[in-house]
Amino acid sequence: MQIDFKNMISSVEGADRITWAEVEALRARGEAIDADLRARRERGDLPFYDLPYQDVTPVLAYAEQARRRFENFVVVGIGGSALGNIALQTALRHPHHNLLPKEKRGGARMFFPDNIDPDLVGGLLDAIDPRETLFNVITKSGSTAETMSAFLLVRQALMDAVGDRWREHVVATTDPEKGDLRQIAREEGLTAFDIPEKVGGRFSVLTPVGLLSAAVSGVDIRALLSGAAEMDDRLKAAPLDRNPAYVCAALLYLADVRKGRRIVVMMPYVQALKDVSDWFRQLWAESLGKRLSLAGEVVHVGQTPVKAIGATDQHSQMQLYVEGPHDKVVVFLAVERYGRTLAFPAAYEEKASLGYFAGKTMNELIQAERVATALALTQRQRPNMTVTLPEVSPQAVGQLLYLLEAQTLYAGGLYNVDPLDQPGVEAGKVATYALMGRKGYERQRAEILREIASDERYLL
């Protein structure tokens, strides 16, 4: 994997792009952050760092049985309990995996209804046969409203279809000790996999949260973890100014706080990586968007992550990025080798809009469009950098995901916030519990109902 950040750097002080001198000025802080992260890892406080070295034999054994028995695999989860799964599936399986015949798929058909829209969930239950389906219920807390409510619907559908054998069609992934889902798994005798205690949802893609569904669909999860371990070795061995996780964190941090680049756009020119952008949006936003610093000061920091996809969004968003406000930095994801080569047939060569394709490939076209887009941004003083994978393989994707997680922890240190909590999410959870009548939230319910009452003056 190679990271080219030339288009982030200016040789002129005060320009729209940052200077390398500004990056160097952070070195003392960066070294302190690096030392702190290494010490916390050594103490066992940051176990996500060591996920590449876990024993996945139980996951692989269960996945093999599931592939043989079930036609469908449904992930019942939301946020960090779904986005990583979707990213792995999109990246590492055939783009039309579910349409392939079983002998070509190499795994079950995969479904990720990662919302509680009744038409989405009900529509999936209309379309699949519960008798041929395994449901993976994933929630770290064991009480996530969206997940546990969907579990009730899934359980009923299974009971209607297979009776008491519904338990054979549900596998839980949750906290090893506590939470309602863990308790239900014990009481009902459900197979259950553990999410390590100190690994939060947005950092859990390399736990059974992401590994089980990947293995059931046919992904080589050992190769995925091997790639993550390779990136871990690279980060541990590199000096700070050659450490890709730290340098990328520093570049994005400085672009935000020094140059007003409050938005980071992740733009893969690889369709297979489009859902890595969705996963990254949660990782970056939930980790860094904080009201309070570690010192308890009100700071309201965070860089807003936005998803784009090349070449598609050249025709929807790029006009804004090139000529709109100077408030964005673009991170391109590229690949040296696509999974296949599509050569253009020679035809209509006398026509200017078609003749130049003769002897060329679609691979060359999308690469040219990526390079041209980066050039257009740079010429307008719009900072951008490119992360290039050799190919979209389990090893390469493992490297990329691990890099982005490590980068996020460095960025948390630079912003001086806790990248592992998400206090801003709690208010919405409490309000939901109150509105739905959960026991113990009666007082909040009365207050909320008064606050949300409609005012005719503001209705159209």
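Cβ from N, Cα, C; glycine included.
Not measured: the values here are computed from a predicted model.
What TrEMBL says about this one:
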| type | residues | note |
| --- | --- | --- |
| ACT_SITE | E286 | active site, proton donor |
| ACT_SITE | H315 | active site |
| ACT_SITE | K429 | active site |
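Note: the Cα of K429 (active site) and the Cα of the residue listed as 'active site, proton donor' are spaced 15 Å from each other. There are 13 other Cβ atoms within 10 Å of the Cβ belonging to K429 (active site). When the Cα atoms are compared, E286 (active site, proton donor) and H315 (active site) turn out to be 29 Å apart. Local packing around the active-site residues E286, H315 was summarised as the count of other Cβ atoms within 10 Å of each Cβ; on this measure the leading residue is E286. In the three-state DSSP scheme, K429 (active site) falls into the helix class. In the three-state DSSP classification, H315 (active site) falls within a helix.
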